[in-house]
Amino acid sequence: MDLKNKSAVILLSGGLDSSTVTGLAKASKAKIFGLSFDYGQRHKKELDSAFTIANHFEIEEFKIVKLDLSLWGGSSLTDIKKDLPIDGIQQNTIPNTYVPGRNTIFISVALSYAEAINADLIGLGVNALDYSGYPDCRPDYIKKFQELANLANKRGREENPIKLWTPLLDLNKEDIIQLAFDNNVPLEKTWSCYSGNLEPCGKCDSCRIRQTAYKKWQIKKNEN
């Protein structure tokens, strides 16, 4: 998608995927408006990373929205009484790191923000191939939310809809790492770990996915 002269609200968590989407948008000369959420998560390191990435790419604006989902919990990311899973990724199950309704809430806020500033796109780092089992990172979810977005606001009703831009949706994680390198993403400044320690734990699902992807990326790189 050609993003030159377009404006994009990007959900920027500070992780690998959203930072790569930001890098792609910057390389495409889009005007970028970053949006992060302080939603009662276990730690704020990802917000620090999001701020760092926003500064790195010199985006137009960066906002952090306070929205406390820990009020009702339901996830090990918002309820410290729940243990983070460290036994490896279980296939065909939704892990307890899933935050009920998180992407639906975040994208809805982004849609409001995008319409208010007359943005063209909402950039999302969702990835269907190497996702952690979350229901709101899948192609059918994105398709249906786009249909909802087209009906839910003035722009959509006037046949000038705000598009959900998901450039990573069908990519392997190792290909996303390559995209990150190709688009000047400072990977060392991104944060994927579910824990808020000084260093990534190396045990949670997010760390495992990233570690496995990096090993596969290294193998591909050595083969070329």
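Including glycine, each Cβ sits where the backbone N, Cα and C put it.
Since the structure is predicted, the reported quantities are computational estimates derived from the model, not experimental observations.
Listed features, source Swiss-Prot:
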type	residues	note
BINDING	Leu12, Ser13, Gly14, Gly15, Leu16, Asp17, Ser18, Ser19, Thr20, Val21, Thr22	ATP binding site
BINDING	Cys193, Cys201, Cys204, Cys207	Zn(2+) binding site
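Location within the structure of each feature annotated in Swiss-Prot.
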| residue | record | DSSP class |
| --- | --- | --- |
| Leu12 | ATP binding site | coil |
| Ser18 | ATP binding site | helix |
| Cys193 | Zn(2+) binding site | coil |
| Cys201 | Zn(2+) binding site | coil |
| Cys207 | Zn(2+) binding site | helix |
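The Cβ of Cys207 (Zn(2+) binding site) lies under 8 Å from the Cβ of Ser192, Cys193, Tyr194, Pro200, Cys201, each on the same chain and at least six residues away in sequence.
Between the C-alpha atoms of Cys204 (Zn(2+) binding site) and Leu16 (ATP binding site), the distance comes to 15 Å. Looking at Ser18, Thr22, the binding-site residues in this record, the fewest other C-beta atoms within 10 angstroms of the C-beta turn up around Ser18.
Of all Cβ atoms in the protein chains displayed, 27 besides its own lie within 10 Å of the Cβ of Thr20 (ATP binding site). Of all Cβ atoms in the protein chains displayed, 22 besides its own lie within 10 Å of the Cβ of Cys204 (Zn(2+) binding site). Taking the binding-site residues Leu12, Leu16, Cys201 in turn and counting surrounding C-beta atoms within 10 angstroms, the largest count is reached at Leu12.
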